[in-house]
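Enquirer: Among the features that Swiss-Prot reports, GTP binding site is placed at 44-52, 78, 104, 183-186, 241, 256, 258. According to Swiss-Prot, the domain 'Septin-type G' annotation covers 34-306. Annotation source Swiss-Prot lists phosphotyrosine at 17, 211. Taken from Swiss-Prot, the feature N6-acetyllysine applies to 190. Sequence annotations record features per position, and here Swiss-Prot assigns phosphoserine to 218. Annotation comment: Swiss-Prot describes 44-51 as region 'G1 motif', evidence class sequence analysis. As annotated by Swiss-Prot, region 'G3 motif' applies to 101-104. Sequence annotations record features per position, and here Swiss-Prot assigns region 'G4 motif' to 182-185 based on sequence analysis. According to Swiss-Prot, the region 'Important for dimerization' annotation covers 260-270. The site 'Important for dimerization' annotation in Swiss-Prot covers 156, and the record cites similarity to another entry as its basis.
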């Protein structure tokens with residue numbers, strides 16, 4: 001019978017090397033095996049090319065059966081929530097992407113309450129995550145919290161509309177807002193830059209909190225630092241979306257064909273589509289971390305405070321009931337004591353009368 005050889009643990013050849021440097025590789029393998037989850041919300045008026053842009057970003061068709069409503073249907077139309085989930089795999093890395101669309105936003109004549117449905121949806125996802133996180137089985141929690149919101153701004157105005165301001169202020173403490181100027185091919189380069197500056201000025205004027213890209217670390221390479229600088233300078237992103245392949249300069253590109261030429265979707269000289277996609281991919285982890293550490297924690301703290309106040313009120317009510325019961329008990333004891341005293345006086349009075357009557361006889 002052969003003797004089994006013991007497992008060999010070999011000392012690293014490099015002096016002073018323990019092996020901790022391999023830990024990131026372990027995390028990477030585990031993350032790749034598990035896959036990634038990301039939820040993107042798109043909000044904006046109809047006709048701004050939201051669906052086309054999302055399909056262009058992820059090279060997929062998320063809305064194959066969508067029916068475009070007519071003008072008459074839009075008059076009384078209410079905001080709906082449509083969540084579409086698709087599994088995307090690229091070089092062995094899986095991404096579970098959920099895109100939350102909001103058809104009907106801004107379509108009705110009276111848009112005063114049109115964003116309440118959207119806010120309720122965001123809060124519901126926080127509430128669901130809090131419930132799952134507090135449960136017994138926390139191993140397979142699906143994260144449907146909204147990590148980023150692309151807010152589409154019309155290129156045909158002179159800046160932000162009152163509805164834009166009201167909506168962004170209503171959600172800026174709940175989700176990461178990335179402002180996007182839609183249909184940038186309707187603007188000249190000068191008009192585009194002027195509109196960007198106007199929007200940024202109004203965002204600052206109304207104290208709207210949009211998503212700010214983190215600064216590049218000092219140890220990052222110069223190319224990444226330059227990329228981060230260009231991405232920051234491009235906000236709000238002015239984009240063009242198209243799923244059509246056309247021929248330009250002897251090659252097939254996605255773009256739009258006009259009598260005066262071709263607008264290429266993925267040409268950074270024509271629009272900010274590539275910059276927007278680069279921002280989303282390179283900062284996807286940061287968007288999730290800000291959602292977890294800032295927006296979700298704010299919701300969780302407020303939720304626990306409300307729960308704490310409820311418990312506190314219940315305790316106060318219980319204390320009040322006990323005090324009232326104790327006061328009622330004291331009143332009854334005092335009443336019984338008075339009755340006993342009266343009965344004792346009556347008995348003493350009766351005994352004295354009987355004694356006087358006996359002496360008289």
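Just so you know, glycine gets a Cβ as well, placed from its N, Cα and C.
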Enquirer: Residues of the same chain, at least six outside the region 'Important for dimerization' (260-270), with any C-beta under 8 angstroms of its C-beta?
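Expert: Contacts of the region 'Important for dimerization' (260-270) (Cβ under 8 Å, skipping residues fewer than 6 from its ends): 56, 185, 240-242, 246, 248, 253-254.
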Enquirer: Rounded to an integer, what is the Cα-Cα distance in Å between residue 218 (phosphoserine) and residue 50 (GTP binding site)?
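Expert: The Cα atom of residue 218 (phosphoserine) is 36 Å away from the Cα atom of residue 50 (GTP binding site).
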Enquirer: Measure from the Cα of the residue listed as 'N6-acetyllysine' to the Cα of every one of the binding-site residues 47, 184, 241, then give the nearest.
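Expert: In terms of Cα distance, the residue listed as 'N6-acetyllysine' lies closest to 184.
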Enquirer: Can you give me the Cα-Cα distance between residue 184 (GTP binding site) and residue 156 (site 'Important for dimerization') in Å, rounded to a whole number?
Expert: 10
Enquirer: Highest Cβ count within 10 Å among the recorded positions 156, 211: which residue is it?
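Expert: Highest number of other Cβ atoms within 10 Å: 211.
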Enquirer: Which Cβ among the binding-site residues (44, 47, 241) has the fewest C-beta neighbours inside 10 Å?
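Expert: Minimum Cβ neighbour count within 10 Å, taken over the binding-site residues 44, 47, 241, occurs at 47.
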Enquirer: Looking only at DSSP and grouping its letters into three states, which state does residue 184 (GTP binding site) belong to?
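Expert: Residue 184 (GTP binding site) sits in a helix per DSSP.
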Enquirer: Among the recorded positions 50, 184, 190, which residue has its Cβ surrounded by the fewest other Cβ atoms within 10 Å?
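Expert: Minimum Cβ neighbour count within 10 Å, taken over the recorded positions 50, 184, 190, occurs at 190.
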Enquirer: Within the region 'G3 motif' (101-104), how many residues are helix, strand or coil going by DSSP?
Expert: 0 helix, 1 strand, 3 coil
Enquirer: Taking Cα atoms as reference points, which of the binding-site residues 44, 50, 241 is nearest to residue 156 (site 'Important for dimerization')?
Expert: 44
